[in-house]
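Read through the structure below, which is laid out as structure tokens, and then see the notes.
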Ligand code: ASP
């Protein structure tokens, strides 16, 4: 029995925690009427402690995790300046596709309104001044006056800017600052380990958060979560099957159906593993079979797995709309632009491994003062969404790679169109 329980994966435990939490919360809502047991002992103490303790652990990860990974990411990005136009084009197209992705998510979120009707309370939540700021103030506020202050207070845009600058300098000074460079790389590693550790208590945290929410809301809480999932899936479908094929046609005139026929197996692998990083070799192999020169893909694909997360950005955009509606916050233009900017940056700061998109979501929420507690509501179904969004993440990497390679005359169109035998890397799957 015990060994069977041990075999259940963490993501399944989180799902179990969510389902049990919903059931238990509904049970409390309908059948327990003793306010001392229901409210005082369970909702306000046990579930509050378990749920918010977990949220605090997540918040604890954000600043060091994002800072280290942005520094490390930027340090490797500026290295590619050597590669010249390919590097510049790749980064540009990666950033643009991610910005398109968040925008799509925000539009869908405002149409479907996944969080409407939830009426979560903002009481005790700090409102962030960003919401009432003008665009000029927002831009000015991205520059840290005192980086330590930004880190200590979790001003994420300032942390990102400072991290980017440090990363670029590290890349420029290279061996002179090798120790610091290594320290950041190791710091990044440590934070990833710590993230895995925190994730181990996620099932309990999620159970408490869900039980607390559903004890108060009853069945009303289920529809918004279902709507949120639908929002994300529609966003992912638009990005994968409308935006990417259109980009491919506009920039290369290559047939997107051919692409998807060949690439489906890579998407399936990303779907089942939820990690862009592990999909790198398969992505390289398929692109090579499509006639893309490996000189280009061998650098753009690993880079994309690290900095280009369109699927994750879509989830984050939908989550922002969900939480803003649930807490009755009106997001003005400045807040929306801040979300687009932060989600694009979060995409750089998200490692290509399972669930990290949820951690960097905290940073997007922080940037406009949304209560991080709302993430608890969507935590339980995140594994499912992670699978879909990872498939889109790696598809984005491949499409952008083909476009960049095409512009660099590094795509053999005869191979792409099946008129010539491909050169493969020899990975069978
Ligand atoms: N699992 C995603 C990936 O590897 C990252 C995330 O969104 O959590 O691409």
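In case you wondered, yes, glycine gets a Cβ from its N, Cα and C as well.
Note that the structure is predicted; figures quoted are calculated from it, not measured.
Listed by sequence, the residues of this chain that lie at least six past the ends of the transmembrane segment (12-32) yet keep a Cβ under 8 A from its Cβ atoms are 38, 42-43, 202-219, 221-222, 379-384. According to TrEMBL, the transmembrane segment annotation covers 12-32 (among others).
According to TrEMBL, the transmembrane segment annotation covers 61-80 (among others). Long-range contacts of the transmembrane segment (61-80) within its own chain (CB-CB distance under 8 A, at least 6 residues past either end) are made by residues 86-87, 90-91, 151, 154, 156, 159-160, 162-168, 170-172, 181, 184-185, 187-188, 191-192, 194-195, 198, 299, 303, 306-307, 345-346, 348-351, 359-360, 362-363, 366.
Here the transmembrane segment (92-112) has long-range neighbours at 227, 230-232, 234-235, 238-239, 243-244, 247, 303-304, 307-311, 313-318, 320-322, 325, 336, 339-340, 343-344, 347, 396, 399-400, 403-404, meaning same-chain residues at least 6 beyond its ends whose C-beta is under 8 angstroms from one of its own. The transmembrane segment annotation in TrEMBL covers 92-112 (among others).
Look at TrEMBL and you will find 155-173 (among others) tagged as transmembrane segment.
Long-range Cβ contacts of the transmembrane segment (194-219) within its own chain (Cβ-Cβ under 8 Å, at least 6 residues beyond either end) map to 10, 13-14, 16-18, 20-22, 24-26, 28-30, 38, 42-43, 46-51, 53-55, 57-58, 60-61, 65, 118, 355-356, 359, 373, 376-377, 379-380. As annotated by TrEMBL, transmembrane segment applies to 194-219 (among others).
With a cut-off of 8 Å between Cβ atoms, the residues of this chain six or more beyond the transmembrane segment (225-251) that come close are 97, 100-101, 104-105, 108-109, 112-115, 259-260, 310-311, 314-315, 317-319, 321-322, 377-378, 381, 384-385, 388-389, 391-392, 395-396, 399, 402-403, 406-407. Summarising the annotation, TrEMBL assigns transmembrane segment to 225-251 (among others).
Sequence-distant neighbours of the transmembrane segment (331-352) (same chain, 6+ residues past either end, Cβ-Cβ under 8 Å): 65-66, 69-70, 73-74, 95, 98-99, 102-103, 106, 130-131, 133-135, 138, 156-157, 160, 192, 275-279, 305-310, 312-313, 316-317, 320-321, 324, 359-361, 363-364, 367-368, 390, 393. Under the heading transmembrane segment, TrEMBL lists 331-352 (among others).
Outside the transmembrane segment (358-381) by six or more residues, the chain places 14-15, 17-19, 21-22, 51-52, 54-55, 58-59, 61-62, 65-66, 115, 120, 122, 125-131, 154, 156-157, 195, 202, 205-206, 209-210, 213, 221, 224-225, 228-229, 312, 315-316, 319-320, 322-324, 326-327, 329, 331, 335, 338-339, 342-343, 345-347, 349-350 with a CB less than 8 A from a CB of the stretch. Residues or ranges marked as transmembrane segment by TrEMBL: 358-381 (among others).
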